[in-house]
Amino acid sequence: MNSNNNIEQKIKELTKNINKWNKEYYDLSSPSVSDAKYDLEIRKLEILEQEYPQFIQKDSPTKKVGGKVVPSLKEFSHNKPMLSLAKAHSENDILKFIQNTQNNINKTVTYSLEPKIDGVSISLHYNDGILVRAVTRGTGLVGSDVTHNIKEIQNIPKFLNYKQDLEVRGEIYFPKSEFNKLNQERLANNEKLFANPRNAASGSIQQLDSANLKNRNLLSIIYDIVDPNKLNLKLQTDVIAKLKELSFAVNPYVKEGKNFEDIWSSILEFKKNKDSFDYESDGFVLKVNQLDLWDLYGQTAKFPKHAIAFKFETEEKNSIIKNIIPTVGRSGKISYIAEINPINLLQTTVQRATLHNADFIKNMNINIGDEVSIIKSGEIIPKITGIKNKNTKGYYQKNLNCPSCGYKLIHLNNLVDQFCINKTCKEKLKKQLMHFVSKNALDIETLAEKNIEFLFDKGLLSDFLSLFNLHNYRSLILSYEGFKETKVDKIINAIQESRIKTPFYKVFYGLGIKHVGLKVAQLLSGKLNNFKEFLSIDLSELESINTIGPAIIKELDIYRKENKQLLIQLDNVFIYLNKMEKDTQKLLGLTFAITGKLANPRSYYQKLILDNGGQFSASINKNLSYLITNESSSSSKYIKATELGVKIITELEFLKLLK
């Protein structure tokens, strides 16, 4: 049977099965397969029909009146977190990384050097050799499903010769030549220009209509296989070679370094030539080449310890300081910003640069009117690195009072930073509310910062709770210029929807408690279902959670003592999406890892673990309670778990723990 006959037969089989499942689900209310299985199979059918339209069956379940409709972007949990990398900016940082990764290692350690593409991170999932899902990094734990757009990128294979499940990761980027062409077209059409290739790539792949991508010519570079052990790969350079063999686009400038001299020489060579390449690169990624060492090094809540990103600091120009402005952050910390004559750095117009704090200004002897050197290396606000020409006498004197409320500024715990400790400081409250509605918290996109500023100034917003009374002022808000009915209703509806769609951990994160980032909030929600439980729990119980130490416990204790009434009222506002009763905490105090192929996706088991009070670990360590796997495996996780005496259980045995 030739390959076309195989494809036709596969389409017929999928069509028959899915039509049968549709009847079971819609007519008989008795589905025989899980939603996950159904979604996977229909995705396969859609892809095959797109590639081989001559084999589409008359009764195809994918047919829709009016053509194919792409739904809103859905969230998808990553089987393994997509962590960012710790940053290095100097030779010393690279040297320190090499020393740290060689300490107490009784084998030769080499390194993989890969140019860092300034694009959008993506995870590609293949099942039976078919691309079935593409997911953005998102929060690192949960991303957006952008499969419909990724299929329009020509150098991403839709089919692989490798017929087992495979997840690979890489970067989607806009070639510089295509980006310039796109902006020229937008200029001719009087459309807003994209600021840089990365923004253009990000905006492109997150559109609902994939037709817009067909003429944008995005490309990809793939650099990671999520589970390289099942392919018997030992080195990161082997991973790159295997990806190339599987027809993925890889970076041709990947090199192996044996020592600091090798590595630094390669970095300098690439830095000298990088502008001639057709992609934006802001540095190099340095990885330990030996894959079996990665789990041994472990990771922090944010970064793996086996890799580091060296960032080029190549764009530096001079400008005159026109003004110095003190600003107040949500913690009350005072930062100083320099307004400068506009300059262009890294394809962006720069009019502001950070001066950090008053001590920085004093030590640099900086004042209004001085010509300073400014460097941009990827951050939103560029840095001032020194004085080019000292045009004035002395330095800018620090503020003694808060620029917002006039309260006397203090230094907390002998820190160099100044703080406003006035709890009613308007600027602090604004920034706190901006954080509360941000993407990783309540995610109220319609309530932009300028709207919060305006409504605060009008007295309609004052704190977290005032947000949920805003609907009472609808008529008044409609009377303000720029607040049309559609806009106002979108804001009010989004606020009300957040009350029932926001998981508890996101509300917890939104409070902005010191040391409580998104990852810590998720860990806490494994033990806590609401703020009532947070107020009553003996905080020492939380120390059993991995990464929750004395510093976090101290801040949690301070916050709940000072904000008891607020926390009680927030429980009355929210109906938490992941609310759990105590009798579902069957895995409380237990930590699980997973390796090998299971009947359902790993995200399914991750959710079961978290929903039942357990913790999920991406790596093997001595604190692990169980490793879940269905086979006697030669994977590094299985071997390490055996060495550490971690109990290994099957998928079925895990499910029995929940009964």
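Heads up, the Cβ atoms here are built off N, Cα and C, so glycines get one too.
So that you can see what the record holds, here are the features copied from TrEMBL:
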- LYS116: active site, N6-AMP-lysine intermediate (ACT_SITE)
- ASP35, ALA36, LYS37, TYR38, ASP39, SER84, LEU85, GLU114, ARG137, GLU171, LYS287, LYS311: NAD(+) binding site (BINDING)
- CYS402, CYS405, CYS420, CYS425: Zn(2+) binding site (BINDING)
- 582-659: domain 'BRCT' (DOMAIN)
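Recorded features from TrEMBL, shown on the structure.
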residue: LEU85; record: NAD(+) binding site; DSSP (3 states): coil
residue: LYS116; record: active site, N6-AMP-lysine intermediate; DSSP (3 states): strand
residue: ARG137; record: NAD(+) binding site; DSSP (3 states): coil
residue: LYS287; record: NAD(+) binding site; DSSP (3 states): strand
residue: CYS402; record: Zn(2+) binding site; DSSP (3 states): coil
residue: CYS420; record: Zn(2+) binding site; DSSP (3 states): coil
residue: CYS425; record: Zn(2+) binding site; DSSP (3 states): coil
Any idea what the Cα distance is from the residue listed as 'active site, N6-AMP-lysine intermediate' over to CYS405 (Zn(2+) binding site), rounded to a whole Å?
44
Count, for each of the binding-site residues LEU85, CYS420, the other C-beta atoms lying within 10 angstroms of its own C-beta, and report the residue with the smallest count.
LEU85
Going along the chain, which residues six or more apart from CYS402 (Zn(2+) binding site) have their CB under 8 A from its CB?
VAL328, ILE334, LYS408, LEU409, CYS420, ASN422, CYS425, GLU427
How many other Cβ atoms sit within 10 Å of the Cβ of LYS287 (NAD(+) binding site)?
25
In sequence order, which same-chain residues at least six apart have a C-beta under 8 angstroms from CYS405 (Zn(2+) binding site)?
CYS420, ASN422, THR424, CYS425, LYS426, GLU427
Taking the Cβ of LYS116 (active site, N6-AMP-lysine intermediate) as the centre, how many other Cβ atoms fall within a 10 Å radius?
22
Enumerate the residues of the same chain, CYS402, CYS405, CYS420, CYS425 excluded, that satisfy the criterion Cβ within 8 A of the mean position of the Cβ atoms of the recorded Zn(2+) site; list them in sequence order.
VAL328, GLY332, ASN401, PRO403, SER404, GLY406, TYR407, ASN422, LYS426, GLU427, LYS428
In all the protein chains shown, the tally of other Cβ atoms within 10 Å of the Cβ of CYS425 (Zn(2+) binding site) is 20
The domain 'BRCT' (582-659): mean pLDDT?
78
Is it possible to get the count of other C-beta atoms within 10 angstroms of the C-beta of ARG137 (NAD(+) binding site)?
19
